[in-house]
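These come from TrEMBL:
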- 148: active site, proton donor/acceptor (ACT_SITE)
- 104: substrate binding site (BINDING)
- 122, 124, 204: Zn(2+) binding site (BINDING)
- 24-231: domain 'Class II aldolase/adducin N-terminal' (DOMAIN)
């Protein structure tokens, strides 16, 4: 169980003039992701792990208006591994009324525990959603090769970058009515596809992780580009794999 902090100690976790501080970064990144259409309608989110602390964007709020004081802070060492319906340990809970912990929390923890990631980004990118819809209903993954932007994606999201000639494969899992109920299927897909840098959720969006927030952001951008070009290729009846 985490140490009980005083009010002053808890508030100090999200107060910093350093633009690289997780609380400041999450607020800034959410604004940028909103402009890209990734986190509109209060959807999507981001979590950054810094040492033994995990910073989490709140749920159900206008992501472009998030401020550092709206950020939740959790200890990475939880009393029990976060899962659907489980109680989480918190170091700081925002005082603003109406803010709630993200339902993405246990899914972010998949990235932290299974890939030792330092950040995880969840978007409702239309390119990601459309890509899952253009794949057969029973398709378990998306594959693409011979695209320059593949070189910005890492093996397993945290390893070496792929080359132009490598085939990128990302699993596709079915959506659920409640976000945190995706936890087990996401974990199973991560086990089955250890080299995948992300998880596509049919009719929903994508989860992307990286060693750092910079790598997670870079890969999110590269993958979104690849999702968009893949949609156009499929509509044009062009093969996604190979250089034909």
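Quick reminder: no glycine exception, Cβ is built from N, Cα and C everywhere.
Because TrEMBL annotations are produced automatically, they should be read as predictions rather than curated entries.
Everything TrEMBL records as a feature, shown here on the structure.
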residue : record                             : Cβ contacts under 8 Å, 6 or more apart
104     : substrate binding site             : 45, 47, 59, 122, 179, 180, 207
124     : Zn(2+) binding site                : 38, 39, 40, 41, 43, 44, 204, 205
148     : active site, proton donor/acceptor : 164
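Neighbour count (other Cβ atoms within 10 Å of the Cβ, all protein chains): 21 for residue 204 (Zn(2+) binding site). Residues 43, 44, 123, 125, 128, 129, 201, 205, 206, 207 surround the recorded Zn(2+) site, their Cβ atoms falling within 8 Å of the Cβ centroid of 122, 124, 204, which are themselves excluded.
All chains included, 30 other C-beta atoms sit within 10 angstroms of the C-beta of residue 122 (Zn(2+) binding site).
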